Amino acid sequence: MTTAELSRSTLLRPRLLGRTTVNVVVAISVLYTMLPALWLVLAAGKSRDALFSSNILSFKDFSFVQNVKDLFAMDGGLYSRWYGNSLLYAVLGAALGAMISVACGYAFDKYHFRHKEKLFGLVLAAVMVPQTVLALPLYLIASATGVVNTFWSVFIPVLFNPFGVYLGRIFAQGYVPNEVLEAARVDGAGELTTYVRVSLRMLGPGLITVFLFQLTAIWNNFFLPMVMLSNQKLYPVSLGLFQWNSQATVSPEYYPVVIMGSLLAVLPLVLAFIFLQRFWRSGLTAGAVK
Amino acid sequence: MTATTQVPATAAAPARETDSSRHKAQRAARRRRGGAAGVLMAPFFVLLTLVFLIPVCTAVWLSFFSDDQPGLGFGPERTVFVGLRSYAAVLTDPSFLSGLSTVALYCLIYIPVMTVGSLALALLLDSGLVRLRSWAQLGLFLPHAVPGIIAALIWLYLYTPGISPIIDVLGKADITVNFLGLHTAIPSIVNIAVWSNLGYNMVVFYAALQAVPREVLEASVVDGAGPVRTALQVKAPLVRSSIVMVAMFTLIWALQLFTEPMLLRAGSQVVDARFSPSMYIYDAAFSRNNYSLAAAASVILLIITIAVSYGVTRWTNRVNSAEESTR
């Protein structure tokens with residue numbers, strides 16, 4: 001005890017110095033992550049000429065509203081179409097995908113069957129397989145079955161989320177005590193009824209975590225839609241912005257539109273992460289501690 | 001099964017009867033549970049078969065066949081078995097090999113920077129010295145919510161002379177940098193990836209650090225270890241499994257490098273259509289329509305990914321067991 005007190009008093013001065021250093025380092029890191037995002041916000045308010053000529057901090061050519069109008073008018077209002085598609089792919093896909101993965105992870109935790117761990121190993125292997133490896137065969141299969149260049153060619157593959165199964169198993173272990181299931185069985189409740197009425201409710205936070213991760217992944221998805229879709233009207237925002245950006249090198253009127261479009265495309269995920277902090281933090285804990 | 005083992009309950013003793021009925025009930029329960037497990041798992045395994053197993057098998061199958069046009073390309077196209085010819089073609093293609101070395105260099109810079117950087121930030125945040133800790137965390141995490149393609153877009157603009165305030169400021173100090181030049185393109189891509197994922201991995205480490213028992217830390221303070229020593233010699237080794245996990249996932253993602261260079265192509269001469277193996281696959285499949293070449297490259301990338309992650313797992317297991325045996 002005395003040694004601790006002693007070291008505390010002798011360390012007081014360097015500790016004060018240390019505190020400053022630590023805070024400065026963290027502050028610089030936060031600036032590094034926040035400034036590009038801030039640039040996006042500021043640049044979104046600039047007209048095309050101002051973007052190339054004036055100081056980023058000057059508000060002389062403020063045309064935020066005009067840029068929003070231009071964005072939604074560009075190419076016959078394609079952007080709102082893309083936005084709607086992205087919402088459809090991401091929200092619907094993540095909701096359905098999370099249900100499917102968590103149900104499977106739950107079954108892995110609560111039931112015993114032959115070759116269980118081998119099957120789980122297969123699920124873990126699927127986590128590691130690069131998406132680019134699957135893209136060509138998926139495209140060929142989609143062409144053979146005639147779903148290529150349709151909503152389904154993007155929607156079905158994004159439902160597949162092996163990491164969600166892994167998380168689902170961990171959550172089932174942590175949140176649903178086996179005694180609860182035993183009690184339900186003694187009461188004569190069916191297994192699936194128990195799952196829907198009892199376990200699913202306990203799995204709620206875990207389900208939201210998996211949903212959020214999958215929402216991010218689908219919203220960010222770019223490779224698969226690029227391979228599958230040729231009809232612009234089916235594009236998600238990510239692919240649409242990529243295409244507009246490629247055109248911007250030739251016709252610079254796309255620049256302000258792409259920047260404004262990017263800003264609006266970032267908003268839903270930022271809001272989701274801020275409001276659902278509690279859940280994804282617990283999800284990361286589950287993944288990290290294991 | 002159950003029908004053959006059914007005991008005719010005519011003159012059986014009451015005890016035996018309850019016994020057998022309990023058996024029957026148990027077996028029925030087990031069957032019901034098996035059925036429930038099947039119902040809960042079926043949707044996922046249907047997906048796994050459709051979008052994972054069949055495609056992987058298709059890729060392997062495709063890589064062994066090729067479309068040949070006999071008669072100087074005027075004859076009808078037919079698919080023939082070519083064995084390992086496509087693999088040989090990929091592995092001797094200089095553009096594929098340069099893509100591989102590009103990704104290797106990228107990993108060599110990216111993985112240490114990412115792992116050390118995010119761990120250092122997590123340790124700083126865990127030290128209890130940081131003001132506004134949860135705000136700092138949120139600020140660091142924010143880029144993770146920015147889609148990869150948009151992150152690449154933002155940085156592309158920040159790398160573009162005329163638009164970028166960074167180049168502006170550096171220009172005023174008489175420093176000219178070409179962020180997308182021959183030697184700067186890969187570090188510039190690393191920067192985009194670090195920006196996107198630093199906060200995410202920091203939160204993973206921070207969560208693991210929170211789980212370190214407080215007694216261990218108190219003990220190290222009593223032993224006279226300063227905050228730096230506690231962080232490096234006590235806390236960091238205790239979150240080793242998280243470090244391995246982060247490094248591994250970072251590696252798997254890094255091997256797939258695609259989005260960022262694909263977008264930077266618009267502003268750089270250095271980044272070509274076959275800059276990384278994933279771009280090579282895309283180019284072979286969808287620009288050159290050479291499916292067997294693309295499939296062979298896919299299988300090679302898959303084998304590299306599996307080999308590397310297997311190697312990392314084996315290595316860490318050995319290190320872990322060696323550590324445990326010395327204790």
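Cβ coordinates are placed from backbone N, Cα and C, and glycine is handled just like the others.
Bear in mind that TrEMBL entries carry predicted annotations, made automatically and left uncurated.
Positions annotated as domain 'ABC transmembrane type-1' by TrEMBL: A:83-275. Summarising the annotation, TrEMBL assigns transmembrane segment to A:21-42, A:87-108, A:120-141, A:147-167, A:207-229, A:254-276.
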| task | Sort out for me which stretch, of A:87-108, A:207-229, A:254-276, has the most Cβ pairs below 8 angstroms to the transmembrane segment (A:21-42). | result | A:254-276
| query | Going along the chain, which residues at least six beyond the ends of the transmembrane segment (A:87-108) come within the CB cut-off of under 8 Å? | reply | 116, 119-120, 123, 151, 154-155, 158-172, 176, 195, 199, 203, 206-207, 210-212, 214-215, 218-219, 221, 236, 268
| What residues in the same chain, six or more past the boundaries of the transmembrane segment (A:254-276), come closer than 8 Å to it by Cβ-Cβ distance? | 37, 40-41, 43-44, 46-48, 51, 63, 67-68, 70-71, 74, 79, 83, 86-87, 208, 212, 215-216, 219, 237-238, 240-241, 244-245, 247-248
| Same-chain residues near the transmembrane segment (A:207-229), Cβ under 8 Å, at least 6 residues beyond its ends | 86, 89-91, 93-95, 97-99, 101-102, 131-132, 135-136, 138-139, 142, 148-149, 153-154, 157-158, 161, 163-164, 167-168, 171, 200, 235-239, 242, 268-269, 272-273, 276, 279-280, 282-283, 286
